[in-house]
Amino acid sequence: MWVNTVHYHPVGPVPATLNSLRNPNLLVSLPKPKTFRFLRLVKFKALAAKKQQLTKLETRKPESENFTVRQKNGDEVADYGWLPAFPHVLIASMSNFLFGYHIGVMNGPIVSIARELGFEGNSILEGLVVSIFIVGAFVGSISSGSLVDRLGCRRTFQIVTIPLILGAILSAQAHSLDEVLLGRFLVGLGIGVNTVLVPIYISEVSPTKYRGSLGTLCQIGTCLGIITSLCVGIPSDNDPHWWRTILYIASIPGFIITIGMQFAVDSPRWLCKAGRLDDAKAVVNNLWGASEVEKAIEEFQTVSKNDGSDLNSRWLELLEEPHSRVAFLGGSLFVLQQFAGINGVLYFSSLTFQNVGVTSGALASLVVGLTNLAGALCALYLMDKQGRQKLLIGSYLGMAVSMFLVVYAISFPLDEQLSHNLSILGTVLYIFTFAIGAGPVTGLIIPELSSTRVRGKIMGFSFSAHWVCNFLVGLFFLDLVEKFGVSPVYASFGGVSLVAAIFANYFIVETKGRSLEEIEMSLNPNMQARDK
């Protein structure tokens, strides 16, 4: 998620007043586009066809009731409805920990690797060692949709650990540039699949009430992985061969994921698609409570009957309604996220800290990492309370204000110390606000809006757009700064952030408190017509 050296590193997925879910007159939906005219900034009308469904939803027994501790007078003391799903989500989030670890693992050791393998001073080859990771991630993202459809998340997690483990070990044992490049490509391949898998898995196994909070564990796992890699890499300053140990350590989480997934459940929605109804009922009973089994299975089967869900969806279906709208939203959210400048800001943060006397790159990276973690923890608390749309809008507005603050500090004649302090404040505030919304919400809301039939392929397409934009920002950022200066580039980041906030206000549907099937039926005009 961060760039802290002159070399490019990928960013992890690295995202209006909330509408009442109980009032169908306030329920908004995606516009029905004509020939991809998505950019008309208009308010969307309520879906009258959903009134009956929402009325039923009002009387639904809360999923968490079986896991809520109450006093004798009936007052709620503690709500543990998230607990049954937590171990399964935690194992899946280990993939994001590994993602974060591999992002940070090359920050310092690249110099030692280049010196030992004989390409020191060749900036092109050094950059290639880092960027080949993104090529693998792009390929992995594209291929993930078909794997998830056919094998389900659980088995796909286990299979994907093979390139992750082999890539880490091959890189650690490398005695030539080719071996390092192959190892990094394999790691990127596994990470590309996992970045798609984790949000899908968490959204499909989590109880509706806690889906947002549990989904934020993706971001937290990435932050912890980067911080761990920074701490593990400290001895590399004194030991030129320490990079091999760091890369060997990178293989350990892969073994943990493989073993952990053996005890984890598969998605009940995928099990229903695969015709394994008894297994799906058992998972729902164990994770959501016995009172939810009948209602959940009925919803799964209703969606499957209406959209023809099976294990063989096609990529061309993304061009059909309503899938094309969600694919457009997913790709747009990641394009806006990346061009809002998170990579560039994190790269330049090291220089910003140096200007105020923080000369240690590791210390600066640690401050950035802890700030990102703090923002992710706030998102964990707010996601299911405030909703996705409000967090996304507030996040991008905060990022815009932060960028304009830095531009002001750099461009206007201020006291030098005050200018540096404002730059630090703007940088830290930008990272914090990114971690609250733009980071975690983007990866979470796309699978929530996607239909069960093509969820894997829409996520694969969206993350492919993410990796392409990630690469482009890393490739051109330094050239743009050198040609135009920091202020214009940062001002453009602030401008994109404002556009992203407007986009979220007009185009993003609030998904808080609604099951994936309810969301899918509200967005699919074919289902609405059949329900009438």
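Every residue, even glycine, has its Cβ placed from backbone N, Cα and C.
Look at TrEMBL and you will find 80-104 (among others) tagged as transmembrane segment.
The domain 'Major facilitator superfamily (MFS) profile' annotation in TrEMBL covers 88-512.
Summarising the annotation, TrEMBL assigns transmembrane segment to 124-144 (among others). For the transmembrane segment (124-144), the list of distant contacts is 7-10, 102, 106, 110, 113-114, 156, 160, 177, 180-181, 184-197, 456, 459-461, 463-464, 466-468, 470-471, 474: same-chain residues at least six beyond its ends, Cβ to Cβ under 8 Å.
Among the features that TrEMBL reports, transmembrane segment is placed at 156-175 (among others).
The transmembrane segment annotation in TrEMBL covers 181-202 (among others). Listed by sequence, the residues of this chain that lie at least six past the ends of the transmembrane segment (181-202) yet keep a Cβ under 8 A from its Cβ atoms are 12-13, 89, 92-93, 95-96, 98-99, 102, 128-130, 132-145, 147-148, 153-154, 156-157, 160-164, 166-172, 174, 211, 214-215, 217-218, 247, 250, 254, 267, 443-444, 446-447, 455-456, 459-460, 463, 467.
Panel annotation: around the transmembrane segment (214-236), residues 1-2, 12-14, 82, 85-86, 89-90, 93-105, 107-109, 112, 198-199, 202-203, 206, 242-243, 246, 249, 362, 365-366, 369-370, 372-373, 376-377, 379-380, 383, 435, 439-440, 443-444 of the same chain, lying at least six beyond its termini, place a Cβ under 8 Å from a Cβ of the stretch. Look at TrEMBL and you will find 214-236 (among others) tagged as transmembrane segment.
Same-chain neighbours of the transmembrane segment (242-265): 87-88, 91-92, 94-95, 97-98, 101-102, 105, 109, 112-113, 154, 157-158, 161, 164-165, 168-169, 171-173, 183, 187, 190, 205, 229, 232-233, 235-236, 283, 286-287, counting only residues six or more beyond its ends whose CB sits under 8 Å from a CB of the stretch. What TrEMBL lists as transmembrane segment is 242-265 (among others).
Sequence annotations record features per position, and here TrEMBL assigns transmembrane segment to 326-349 (among others).
Taken from TrEMBL, the feature transmembrane segment covers 361-382 (among others).
Long-range Cβ contacts of the transmembrane segment (391-410) within its own chain (Cβ-Cβ under 8 Å, at least 6 residues beyond either end) map to 15-16, 336, 340-341, 345, 379, 382-383, 418-420, 422-423, 425-427, 429-430, 432-434, 436-439, 441-442, 445, 486-487, 490-491, 493-495, 497-498, 500-501, 504-505, 508. Summarising the annotation, TrEMBL assigns transmembrane segment to 391-410 (among others).
The transmembrane segment feature in TrEMBL is assigned to 422-446 (among others).
Sequence annotations record features per position, and here TrEMBL assigns transmembrane segment to 458-478 (among others).
Annotation source TrEMBL lists transmembrane segment at 490-509 (among others).
At the 8 Å Cβ threshold, with sequence separation of at least 6, the transmembrane segment (458-478) comes into contact with the transmembrane segment (326-349) through 3 or more pairs. Residues 1, 12-15, 195, 199, 202-203, 211-212, 215-216, 218-219, 223, 326, 329-330, 333-334, 337, 340, 342, 345-346, 348-349, 352-353, 355-356, 367-368, 371-376, 378-379, 382-383, 388, 391-396, 398-399, 401-403, 405-406, 408-410, 414, 458-459, 462, 500, 508, 511 of the same chain, all 6+ positions outside the transmembrane segment (422-446), place their C-beta atoms under 8 angstroms from a C-beta of that stretch.
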